[in-house]
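Undergrad: Got a structure for you, questions after.
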Amino acid sequence: MGSKTPNDHRRGPNVESSPHAAIDTINPPKHAAASGLLHGPLEGETEDGEDEDDDKTGADLKSVGQLNNSTKKKNKRKKNKKKKKTLLGGLQTTPPRVALSSIFYNQRYPEAEIVGYTTNNDNLQRITAEEFRHLCVVNDMDDEFLNDYRKAAEVHRQVRQYVQTITKPGIAMSQLAQEIEDGVRALTDHQGIETGDALKAGMAFPTGLCLNNIGAHWTPNPGAKEVILQYDDVLKVDFGVHVNGRIVDSAYTMAFNPVYDDLLTAVKAATNTGLKEAGIDARIDCISEAIQEVMESYEVELNRKIIPVKAVRNITGHNILRYKIHGDKQVPFVKTHTNQRMEEGDIFAIETFGSTGKAYLDDDIGIYGYFCDEHASAAGLHHSSAKSLLKTIKDNFGTLVFSRRYLERLGVKSYHLGMRSLVSKGIVQSYAPLVDVPGSYVAQFEHTVLLRPNCKEVISRGDDY
């Protein structure tokens, strides 16, 4: 989910950063028994713990035949040992609707793409502010951190791989959104109907389904005119999955007319460049410059005209915090000037947008979604409808982005007046669709990457992209 750059935003170093989610080390230390150190009896002892010398005094050794018989019995006992239970307990259905907890018996989910850092992290002297941030990261760390992320990523992969098979000209955008969101809720085993259930796991933000010159932040809304996918459309699919607030944000673009292939190739290559350059202590301005260089080395031929692919200037990649899709760091797709660096423990959504238009996105009419500003004061609220709506939002979404569809799914009615009051007071912020000039085409690819101490894990990587 792209982070729009404010009009008055100056790209530069941040004075301070918020705490970031922590990450586990790659190979945690094993217990002695698990590592095989306590596999058998100590030297000089029998398996019963008795000293061998006590048994040998004044006694003859057992015959060779007796020893052989004993060995055979032991071998038989070894063969009868029960096999370990496999990790997978069953297969996924089509469409995917079986909760992952029913497939992965031990609740451990697969690793994604592990990439070693190209240079050793030899910067051992840290400034005080960075040490403080690192302590905040450690305090936020728990044993389930990495497993939560891997579960969310596995849900994303399974859902999107099915959705890609049904995404064809003639399908309605509302049907695609429902398939994605129903799949996510089924696989996380959290339907989000009971109060607070959506905060445990589920959708991290509304499904983005943006066509052609619509760059980002469009989703079907109740009562709106149905939009049908056409053969000549360029469709961007952007959705997020969270488990306990650990958000995986990933997006891809589909086109059926091969004339758009070079556009998609350019944006995918630019995103992979950003992932390659990302790492601990990586300078964000260097990453941005590399992304733009790759993106704008491509051209696309449309209507017998050669059009350069341009990197969109006013939307960026971003770091991700717990229960917050947009953190305090941005990764532009164009050359910029900043001293900001990536840090150990950061989680980034590395995404790029390429356009055949002016490569600048403006707000369009309509509303994509909302999010609640946790720091805004509700002291000035007087309407009971606004107060009731705010409680519903906090109880069910917290700081996660939500849409009108999500409110109506909870059975909330007549919320428009209350929502206008919350938005006018600055308690709730709204997202508008972002568009390039009519007649242009925008493509997007995105992955979430975890900057672990000794490697980076592209957590959302799959066989598809």
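Any Cβ shown, glycine's included, is placed from N, Cα and C.
Dumping what Swiss-Prot says about this protein:
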- 1-13: compositional bias 'Basic and acidic residues' (COMPBIAS)
- 1-92: region 'Disordered' (REGION)
- 44-55: compositional bias 'Acidic residues' (COMPBIAS)
- 71-86: compositional bias 'Basic residues' (COMPBIAS)
- His217, His326: substrate binding site (BINDING)
- Asp238, Asp249, Glu446: divalent metal cation 1 binding site (BINDING)
- Asp249, His318, Glu351, Glu446: divalent metal cation 2 binding site (BINDING)
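Would you situate these features in the structure and describe their surroundings?
TA: Within the same chain, residues at least six positions away from His217 (substrate binding site) with a Cβ under 8 Å of its Cβ are Met1, Gly2, Gly208, Cys210, Tyr368, Gly369, Tyr431, Ala432, Pro433, Leu434.
For Asp238 (divalent metal cation 1 binding site), the count of additional Cβ atoms within 10 Å of its Cβ stands at 26 [all protein chains shown]. When secondary structure is read from DSSP and collapsed to three states, Asp238 (divalent metal cation 1 binding site) falls in the strand class.
A strand conformation is recorded for His318 (divalent metal cation 2 binding site) in the three-state DSSP classification.
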Undergrad: Looking at the binding-site residues His318, His326, Glu351, which has the shortest Cα distance to Glu446 (divalent metal cation 1 binding site)?
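TA: Going through His318, His326, Glu351 one by one, the closest to Glu446 (divalent metal cation 1 binding site) is Glu351.
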Undergrad: Distance between Glu351 (divalent metal cation 2 binding site) and Asp249 (divalent metal cation 1 binding site) at the Cα atoms, whole Å?
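TA: Approximately 9 Å lies between the Cα of Glu351 (divalent metal cation 2 binding site) and that of Asp249 (divalent metal cation 1 binding site).
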Undergrad: Please work out the number of neighbouring Cβ atoms within 10 Å of the Cβ of Asp249 (divalent metal cation 1 binding site), leaving out its own Cβ.
TA: 30
Undergrad: If the divalent metal cation 1 site is taken as the center of the Cβ atoms of Asp238, Asp249, Glu446, which further residues of that chain fall within 8 Å of it by their Cβ?
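TA: Neighbours found: Met1, Gly2, Gly208, Phe239, Gly240, Ser250, Ala251, Ala349, Glu351, Gln444, His447, Thr448.
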Undergrad: Which residue among the binding-site residues His318, His326 has the fewest other Cβ atoms within 10 Å of its Cβ, if you could check?
TA: His326
Undergrad: For the recorded divalent metal cation 2 site, enumerate neighbouring residues of the same chain (Cβ within 8 Å of the Cβ centroid of Asp249, His318, Glu351, Glu446, site residues themselves excluded), in sequence order.
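TA: Residues close to the divalent metal cation 2 site, other than Asp249, His318, Glu351, Glu446: Met1, Gly2, Ser3, Asp238, Ser250, Ala251, Gly317, Ile320, Phe348, Ala349, Ile350, His447, Thr448.
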